[in-house]
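What follows is one structure encoded as structure tokens, with my remarks underneath.
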Amino acid sequence: MLFVSILISQFVTCLTQPDFFERPPPPDWFFPGPLRPWGPPPPWHRNRGPPPFGPPPPWDRPPPPWRRPPWHRRPPWGLPPPPPPPEPEPQQDQPQVMFSQDIDKVVNSVNQNTAAFQRPGESYDKVIQIMSSYFNRKSGSQYDINTVIPSSGIYNNEMAANSKIAAVMFESDMALTVSQMNKVAQNGFRVKRKMNLNGTTWSRNIPYRFLDTDGNWQSQITNGLRHYERNTCIRFSLNGGGSDYLVFSKGEGCYSSVGRLGGPQEISIGDGCETLGIITHEVGHALGFWHEQARPERDSYVRINRQNAINGLEGQFDKRSWSEVNEYSLPYDYGSVMHYGPKSFSKSSTMNTVEPVDPAFINTIGNRVEPSFLDLKLLNTAFCSNICTNRINCQHGGYADPNNCGQCTCPTGLEGTYCERLQTSNCGVELPRADYSWRNISYSGSSDCYWRIVSANGGNVRFELTYVMYRCSPVCEEFVEMKAEYSHEATGYRQCCKAVLGERISKGNSVLIISKATQNSQFVLRYREDGTAPTQRPPPVRVAAPRSYSLLWSGWTRCSENCGSCGTQYRERCTSTTNCLRSAKQTRVCNTQPCAQGTTRGKRSVLQTQISHRVKRLNGWCCARFVLSRGVCVPVRTGVTHPN
């Protein structure tokens, strides 16, 4: 009975083990496999012991030692099993953003007319998604792609025409590709300064086509292309051959892609975009131009007031990094046709988002009249530098004309083979040289005129615009401009509404003055050489001699000291009004009145050498070897009593 009790106890103990009922079935290798196709089966002892994980070992090798497989232990009796891990949530696509009607037209037009957006996964919808995410991260607020940019109607630029679509364009008018937008989002800056030349450069022959038959609209675009042809080596051919070409559409606003993308690419010149400045601006993007105010050194030239920008659009004011910049050694240009205006993306027409560090340029930035001299110089440097092999010594920032290599292309206001002379005009001249007296220049008319001021002694020129009356606008389109840098290649101060410059000083020894107007305009400017005239020693006083040439003395010179009989003065005797004999010279003590009480340094007496110590003078005093007598400093005489 004892044996039976022990056996039952052991059996019950086994049943209560936690893993008794949870043991997994034996693995597949525990069961004998199928027989070999021929021959007798192997001896039974060959199958003893489990093989390692994987297929059974070859029959001609002994199996590896058996290892106990890991058991899945269950929790102790009475505790519930742990809950299963939560299933991963299914990936949900971002909600589809509803476009406004105007934006929907733009997106469809870009996708349809630009081949780069027809590749799988690279539609312009994807660009907008990346841009929205980037702007949300930059601003910390929700970016609304349907934002309408306020327009005061006084700016004649692409921002005014794009008020309903600017929020889906990078920097208001650039339709970037997915690759370009990813670089911006990842790095926070773009690839090049104003030129995007990483494998996306056009040849010098660029074909283009029109999608609209409006003759006047086509003529205005052709005029903009001819402006580039006259000033660069680039040529545009209507309906020219080639798989890569520009497509001009009359779309919703003004926009363009940047650089050569491959295949057809759209440039939209919609209503309000048909001016020379805006057309050349958008074509400039297609040629590779970025915006000027995004240069890496821009903080030395402009201040960005992000607090005045529309919420969510702060990312539209990024600048680039020095690590990937190609500047071609050209200076910052306030007058570039690619520069933002002062109120770009502003909350209000009374707030500036972009302000020049030098406030004199506030009416210069945002130019949409025509490309500046430096805009054209940059294009010629990028596209045409290998045309003129001969070196020509151009002055004042000029460069060899790619359309005539024996001639310099000169900054506005200069001309000549080497840019050495003032540009010819009916109303401008070389002004009288600036000396140390103020001179005035005034003008009234409606022509393009040029003047130049040069200092007489090689110094700087100080000038002041005292009166201005041109057609007034926040960004001057008709203006008087003053170029005062060492080189005259960069755009100068432009004024049109009122004289606010105050006195300015040129960096070099000359100033160029340019007037551009189509209606009667006036200005008044004064100028002089900076500094004061060098001090010259006055000639000695000459006394006219009688006909007998008797010897007469000149007047006494100024006393060398102010008091105390400490100073001397002299005079010369002349034989004529032009020939004084220096040997005939008289000297005397002067200014004999006593010096006031107080502390004084030792002075050199006229009768004794230096008095080197400080003396506290309680009363009026005289220099050494002089004594105060009756209010006058007189020489000390031995044995003589001097009354006070």
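The backbone N, Cα and C atoms fix where each Cβ goes, and this holds for glycine too.
For Cys563, the disulfide partner named by Swiss-Prot among Cys574, Cys580, Cys590, Cys595 is Cys595. According to its DSSP assignment, His285 (Zn(2+) binding site) is helical.
For Cys410 (disulfide bond), applying a Cβ distance below 8 Å and a minimum sequence separation of six or more within one chain yields Cys394, His396, Gly398, Gly416, Cys419, Gln423.
Per-site Cβ counts within 10 Å over the disulfide-bonded residues Cys408, Cys590 peak at Cys408. When the Cα atoms are compared, Cys595 (disulfide bond) and His285 (Zn(2+) binding site) turn out to be 79 Å apart. Taking Cβ-Cβ distances under 8 Å and a sequence gap of 6 or more within the same chain, the neighbours of Cys559 (disulfide bond) are Gly567, Thr568, Gln569, Cys590, Asn591. Nearest neighbour of Cys233 (disulfide bond) by Cα distance, taken over the recorded positions His281, Cys388, Asn440, Cys563: Cys388. Within the same chain, residues at least 6 positions away in sequence whose Cβ sits under 8 Å from that of His281 (Zn(2+) binding site) are Glu158, Asp173, Cys254, Val337, Met338, Arg368.
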